[in-house]
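Input: a single structure, listed below in structure tokens.
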Amino acid sequence: MSGRIAPVTDAAEAQAKLTKLRTQDFSLPVHSHGKAKVRVMKVVRTEAKHFCYEYSVDTTLYSPTYERVFTADDNTDLVATDTQKNTVYVVAKRTKADSPEQFAVDLCKHFLSEYSILTGAEALVRQVVWERAVVDGSDHDHGWIKRGPEMNVGHCKFDRDDVPVVTSKLQGYTIFKSTQSGFANYLQDKYTLLPPCEERCLSTEMDATWTYARDIDGDCGGSFDYSSLRTTVVSELTKGIFGPASGGVFSVSLQATIYDAGCMVLTACPDVKNIKIETPNKHYLPYRQLETLGETFEDDVFTPTDEPSGTIQCIVER
Ligand SMILES: O=c1[nH]c(=O)c2[nH]c(=O)[nH]c2[nH]1
């Protein structure tokens with residue numbers, strides 16, 4: 001005996017072996033299939049300058065008919081996940097793909113128009129944020145820089161009998177306030193060690209997710225400018241957290257600050273239905289041991305920590 005597992009030569013025999021394992025049928029209330037993390041970079045070349053859009057895409061397809069793939073060993077009409085991967089590149093080529101939201105919408109539209117068997121399609125598009133390089137004070141025409149963990153995310157769920165539902169996300173927006181933050185008047189009991197303060201640093205790696213009014217979803221044909229809305233959302237969030245460039249705004253808690261920022265987004269963006277803001281509170285702890293080292297702590301030397309972090313989050317809705 002060689003110790004090798006005997007190869008299966010007869011398909012019917014293989015089928016019999018397989019089905020023998022299943023002794024009973026159960027229901028299959030949920031199923032789907034898709035491709036995850038398909039990476040694509042699209043470069044748009046104009047005479048004056050280039051534009052680049054890098055994405056990591058997850059696709060998911062839905063059809064009740066595909067129950068047979070799971071339960072009856074029948075792959076008829078199945079859109080293979082490898083085909084879904086190829087589709088990401090084809091749609092990147094054929095469409096503008098200049099925002100993660102529109103790319104997600106266009107992918108879903110492609111799947112639904114191409115395959116009548118599908119009842120729904122979903123695409124999650126994460127955009128790696130490349131920033132145009134600045135050289136000697138001027139925007140470079142083809143040079144790019146990537147900073148930090150930030151991503152722009154677009155999601156589309158498109159059921160055939162409905163309008164596409166689009167969600168946008170700003171992920172990993174990392175901010176630091178070196179003053180204009182305090183935390184006081186909270187419950188003090190025998191478990192409390194944190195001293196109240198009127199002066200501290202505030203930092204978070206924020207995720208903000210917003211949804212759209214229904215009529216935007218209906219208008220997903222390509223005319224809605226998701227990118228410029230994103231610019232407004234980010235600028236309102238930034239203003240809400242930091243306040244005016246000179247002097248800023250005082251934060252009595254991260255809770256109050258993200259609620260304020262959310263309200264500012266809804267005020268500036270009538271097309272946004274609600275915004276979810278998630279902010280792990282990353283602590284910059286005063287390095288008070290300076291005192292024992294013969295130095296004075298003057299709100300100037302801190303120990304950065306990101307674990308454990310507070311988990312402050314809310315949804316602000318109009
Ligand atoms: O802004 C804050 N909110 C809290 O709920 C909290 N809790 C804490 O220990 N520090 C802070 N900071």
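Backbone N, Cα and C atoms are what each Cβ position is placed from, and that goes for glycine too.
Automated prediction, rather than curation, is the source of TrEMBL annotations.
The candidate list F70, F183, F297 contains one residue that TrEMBL assigns to the 5-hydroxyisourate site with T81, D82, R200, N281, namely F183. Taking each of the binding-site residues T81, Q255, N281 in turn and counting other Cβ atoms within 10 Å of its Cβ gives the largest count for N281. Those residues noted as binding urate (T81, D82, F183, R200, Q255, N281) have their most widely separated CA atoms at a distance of 52 Å. The 6 Å Cβ screen around ligand 1 retains F183 from the recorded positions K35, D82, F183, ordered by sequence position.
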